[in-house]
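> Sharing a structure with you now.
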Amino acid sequence: MATGWGSLLQDEQQLEELARQAVDRALAEGVLLRTSQAPSSSDVVSYAPFTLFPSRVPSALLEQAYAVQADFNLLVDAVSQNAVFLEQTLSSTIKRDSFTARLFDIHKQVLKEGIAQTVFLGLNRSDYMFQCNPDGSTALKQIEINTISASFGGLASRTPAVHRHVLSILGKTKEAAKILSNNPSKGLAMGIAKAWELYGSVKNIHVIRRRFEDVSEKGSLDQDRRLFMDGQEVAVVYFRDGYMPSHYSLQNWEARLLLERSCAVKCPDIATQLAGTKKVQQELSRVGVLESLLPGQPQAVARLRATFAGLYSLDLGEEGDQAITKAIAAPSCFVLKPQREGGGNNLYGEEMVQALGRLKDSEERASYILMEKIEPEPFRNCLLRPGSPARVVQCISELGIFGVYVREGKTLVMNKHVGHLLRTKAIEHADGGVAAGVAVLDNPYPV
C-alpha cells in the first residue's frame, strides 16, 4: 500500500512547518499523555505521538474488520460462559504459567461459590494487520483480541480532527473529508451506562478511581454479595489494571477475588479475561471449535475464520514438536507468544529460535503459542514524537476495532462495534504499541 503523500514527504522544510502546526492542533484537540518523567502527575503533559499524515487502508478490509466485530463479541462471550472449554484449553498452560494459573484459581473459586454477577459487560478491541500476499492482494489477519483494558478509545476519538487540519492546510479538502469520524469513547461509555442501568442503579452515575490496595483495605461485600467502597454500593467495576503479573501483590490478588465474588458488573469478569488469552486464541483456530461454540451460525464462523492467521500449540507431544521444528527451520515466518498482555512480550527471529531451543524439552513451552508472522507491505510516513525531530520512515500499521456487548442473564441486550484505532510504527520495531513507546497514533485513509 504505497502512500499518497510521497512528494510531501520529500520536502523537509514543509514537513517541519506542518509538524509544528499538527502538534499545536493535537494539543488543542486534547491528544495528550502524561510524560514518562512524571507518569503519575497531570501537572505536566505532552502530546501523544502520532503520524503527520493518515495512512492508507483498503476500504474492503476496514469494512471486513467492522463487520466481524459483533461475531468476535459473541465468541468471547460464548467462551467466557463455557467453563469446560476454558478448563480443557488452559489445562496445560496453568501448569507452567503461574499468572494464568492464579487467574484460573479465582475463576474456579467463583464457580464453586456460585456466580453472583447477573449482568456482563464486554469492552473489547480486536487487532489486525494487513497481510500482503505473493500475488499483491491484501488480507485482514487478526493479531489478538484484547478483553481487558482495551485502551486508546479516548485518544482515537480526538485524532481525526488533527489529520483533517493537516490536509486542509495543504489545500486537500477532498482528502480531508475522507478521514472517518471516529468516537469509540462514546460507544464504550454507552456500554458501561447500559450495564449500570441493568444492575438496577437509579442515581446519576458517579465514578471513582481506586487501586487494588484501596479495595483490599476499604472494600466489602454484604450478605447479598453487593460490593461497597467507602460505604457506597458499586454497580460496575472497570479494570484499567490487572492484566500483568507486576500489577499484583498478595494483597492485590485478594482484592481481585473480592471483586470477582461480588454481584457488581466486572469489565471484564475473570472468565472473560481468560477468554482473551493467547492459548484460547490458538485453540479457537482448531477445526470444529468455532462451530461448537457458535452452533447454528455458519456465516459468523466463516467471517471469524477468514481473519485467523496460522496458530500452533506448543504443548508437549508430536503436534508441538512439529510446530517447533517448523519455526526453527523458518524463523522469519513465525512469532512466539507468551500468555501476556501489554505489548513487548513476543519473540522473533534468532531470539525466538534460542527460546525454542531452550524450551523444546520442557513443559514450560505449553505457556507459549506459535503464530504465523503477518507480513504487511511497508509504506512511508512521518512520525511525530515529543522531544524528537520529525522522522520519515518505512512503516507498518495495526488496525483495532472496538466492540461492546452487554448480557443480562442469558439475554444479549447490546452487541455492536463502536469505532477504530490505527497505530503505526517503523518497520525496525517488531513488537510494542503506543504505551510501550514504539507505535504512534494514526487514522485510516480509506482507498
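The backbone N, Cα and C atoms fix where each Cβ goes, and this holds for glycine too.
Note that the structure is a prediction, hence the values are computed from the model and not measured.
What TrEMBL shows for this protein is this:
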type: BINDING; residues: Arg125, Arg423; note: substrate binding site
type: BINDING; residues: Glu144, Lys278, 337-346, Tyr348, 371-374, Glu398, Lys425, Asp431; note: ATP binding site
type: BINDING; residues: Glu144, Asn146, Glu341; note: Mg(2+) binding site
type: DOMAIN; residues: 203-275; note: domain 'Glutathione synthase substrate-binding'
> When a 10 Å sphere is centred on the Cβ of Glu144 (ATP binding site), how many other Cβ atoms does it contain?
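Its Cβ has 18 other Cβ atoms within 10 Å.
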> Out of Pro338, Gly344, which has the highest number of nearby Cβ atoms, where nearby means within 10 Å of its Cβ, if these are the binding-site residues?
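It comes out as Pro338.
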> Validating a neighbour-count step here. Other CB atoms within 10 A of the CB of Asn146 (Mg(2+) binding site): how many?
20
> Restricting to the domain 'Glutathione synthase substrate-binding' (203-275), report the mean pLDDT as a whole number.
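Mean pLDDT for the domain 'Glutathione synthase substrate-binding' (203-275): 96.
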> Summarise the domain 'Glutathione synthase substrate-binding' (203-275) by DSSP state, stating how many residues are helix, strand and coil.
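Taking the domain 'Glutathione synthase substrate-binding' (203-275) as a whole: 28 helix, 15 strand, 30 coil.
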> Just to be sure I understand the packing, how many Cβ atoms besides its own are within 10 Å of the Cβ of Lys373 (ATP binding site)?
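Here the count is 22.
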> I need the CA-to-CA distance for Lys373 (ATP binding site) versus Arg423 (substrate binding site), whole Å please.
18
> Taking the Cβ of Arg125 (substrate binding site) as the reference point, list residues of the same chain whose Cβ is under 8 angstroms away and which are at least six residues distant in sequence.
Ile145, Asn146, Ala150, Ser151, Gly400, Ile401, Phe402, Gly403, Leu421
> To test your reading of the Mg(2+) site: which residues beyond Glu144, Asn146, Glu341, same chain only, put their Cβ within 8 Å of the Cβ centroid of those residues?
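Along the chain, the qualifying residues are Arg125, Asp127, Ile145, Thr147, Ile148, Ala150, Tyr243, Gly276.
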> Taking the Cβ of Arg423 (substrate binding site) as the centre, how many other Cβ atoms fall within a 10 Å radius?
24
> Where's the emptiest Cβ shell within 10 Å among the binding-site residues Glu341, Tyr348, Lys425?
Tyr348
> Pop the Cα-Cα gap between Arg423 (substrate binding site) and Tyr348 (ATP binding site) into the table, whole Å please.
20
